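A quick write-up on the structure given underneath.
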Amino acid sequence: MARQRKQGRPSGQSATIHDQTLVRGNGGELHQLAEGDTPVLTTAQGAPVADDQNSLRAGARGPALIDDFHFREKIFHFDHERIPERVVHARGYGAHGFFEAYDVLSKYTRADLFQRPGERTPAFVRFSTVAGAKGSFDLARDVRGFAVKIYTQEGNWDLVGNNIPVFFIQDPIKFPDVIHAVKPEPDRGFPQAQSAHDNFWDFISLTPESMHMIMWVMSDRAIPRSFRFMEGFGVHTFRLLDEADESTFVKFIWKPKLGLQSVVWNEAVKINGADPDFHRRDLWNAIQSGDFPEWELCVQLFDQEFADSFDFDVLDPTKLIPEEIIKPIPVGRLVLDRMPDNFFAETEQVAFMTQNVPPGIDFSNDPLLQGRNFSYLDTQLKRLGGPNFTHIPINAPKCPFAHFQQDGHMAMRNPVGRVNYQPNSHGVGPREDPARGFRAFAEEIEAPKVRLRPESFADHYSQARQFFDSQTAPEQKHIVMALTFELAKVENPVIRERMVAHLLNIDEALGATVADKLGIKELPKPADAAVTPRDDLPPSPALSIIENGPESFAGRKVGVLVSNGCDDKLLKALETALQTEGATMELVAPKVGGVETAGGVSIPAHHMIDGGPSVLFDAVVLLLSEEGAERLAGEATARDFVSDAFQHCKFIGFTADAAPLLARAGVAPDADEGMIEFADAASVPGFVESCRKLRLWARESAVKL
Ligand code: HDD
């Protein structure tokens, strides 16, 4: 019988595996291999492997043999690669960085990280969506998680926040219900990563305390342009404790240095198709190119007297304290400057827990926070498989630590020696330290055991109304459109009407407009309200995204549609102007191989036109030869590139040669001030300056988005 040739390894070549230059020693340490050395592939037990291309068989065409331990181990390990995804916030993306305090905050807190201005404390941040599965798309209309782990010298501090300062529910016992309601419906397993379905709106419409949060979730806050352009909120009231254990209440806010920015819904829908990883890619690209995103940590500080006099209960997580009433004070900055080496090891295995606070920071009695403090520890056990998840490097403290916890699944560090308890008569091992250790605020409590919602939590509409009143006209319109879109997906008309009844309590015109757009013929009665909604809360400009946009175009990206014969000088001028601004550009061309400019220079493109729609950019430029414009005018993707950019209110720079494409896309070159014609290279800086506004919202009513 002829000898069978082995599959996979070309004959005559040695059994190289890959070009990895690190290999593990016996103690798990990594050794750098000399150049040219190829490590030998081993099993997880360390046995060198002779053949990784063919499993062991009885004869070339016979059955597999059970003594193939290498095959068994390899497949066994593969079969167990997945851990349960997070029950909420499954889709996320993390990065490393540092926190740096501006001033000594000892007046308010003894927390070590606030004592030495300028000292860098390592940090890890994970951004996420809430409802979608791990593999869902980035631009879901959803709350974004903003979870920060700061590895302080006195233990890890996890500030597990969102990009929205309030929450759906007041009592943690309702958390499984709100999450069940928003997740795919259990019988059919859809819709994925969407709140636009009956179950969600059924629960919401029966839960008036969610109305304030609903206004936020239906606003553009729920479709951010980038993680880099979002605020983060600790949501709850916490306490700061000084050396004498005196307490100051605090709310934490992260403010992005690059200002706030969101996309519009029509854009979000298209981004999800064009690049489902849009937010991940954006963070990856920014950090890899050295454009490190930065946030300021701000604190709203207040005392018991303020808490007692404020219109709402500071323990109610469905309420915020307007920034105009208590101004957030910047106390430090967070910079993200390094991507994880491995997504699974770090981003997937990171375990955030609200109960991780260092001495000097303490909880308030916000019931939701108290419930969270139970849930987060519990969930890590399920997800990471055992009690030793703090042994995983991403979760381990970076300060000295010592305790007598031992054993359990995957124990990597056990106490050494004979003594694993205290007190002990050997005088060994760590002991507690009342002076340095964590001390809770000694609040006096004498109360009956009850299941009661405080009356001070009963006003569900006033702040929802204040939020709506604080939005600019385009933002209010987006809320109307979002509510209409979502409720139009609800099949049961009773739920739609019940929601309209709530909206009427928030803003009569809002309720009436949504009802009209849904085709509800007769307006329902406003929902019963335990407390009459107030109409005397002044608008808070801090709540608007448009009012808090950037002052520059830094960190943003222009998509330049180019064709053969495009103008070299203009291209160069654009590149220089954007670089000076701190912005970037990417070239979109009929072929990804690129184009030849009028000056005969070959330049590669970043995207082929089909893969680089204008929704991926903050502004666009059409840099075409007349012939190029004629040709692209015949292509639907090129026409969409232009008409979408126009529809999404983006600034569009173009040369006179682009006329045929503009005409076929239905966009007049002089439609409005957002259409900027380049007479020559001198007009380019003016274009970049206009782009600082990000969008020409005045156009929106004309295009009837
Ligand atoms: Fe939560 C994850 C934020 C209420 C229970 N939550 C989780 C994450 C964020 C938040 C950002 C993802 C962390 C990561 O990236 O790994 N959650 C919030 C905020 C809330 C909130 C801002 C309200 C103010 N959460 C909340 C309640 C409960 C939970 C009321 C339960 C009673 N949350 C969890 C959890 C998760 C979680 C089940 C899932 C994965 C995890 O914890 O580690 O325990």
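For all residues, glycine too, the Cβ spot is worked out from N, Cα and C.
The structure displayed is predicted, hence computed values, not measured ones.
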Listed in TrEMBL for the heme site shared with R86, R126, R372, Y376, R383, one of F168, F175, F438, F441: F175
Among R372, R383 [binding-site residues], residue with fewest other Cβ within 10 Å: R383
Integer Å distance between the CA atoms belonging to N162 (active site) and R86 (heme binding site): 16
Maximum Cα-Cα separation (Å), residues R86, R126, F175, R372, Y376, R383 listed as binding heme: 21
Inter-residue C-alpha distance, Y376 (heme binding site) and H89 (active site) (nearest angstrom): 12
Neighbour tally for H89 (active site), based on other Cβ positions within 10 Å of its Cβ: 23
Sparsest-packed among the binding-site residues, when each Cβ's other Cβ atoms within 10 Å are tallied, from R86, R126: R86
Nearest-integer angstrom distance between the alpha carbons (Cα) of R383 (heme binding site) and N162 (active site): 21
Confidence summary (mean pLDDT) of the domain 'Catalase core' (42-430): 97
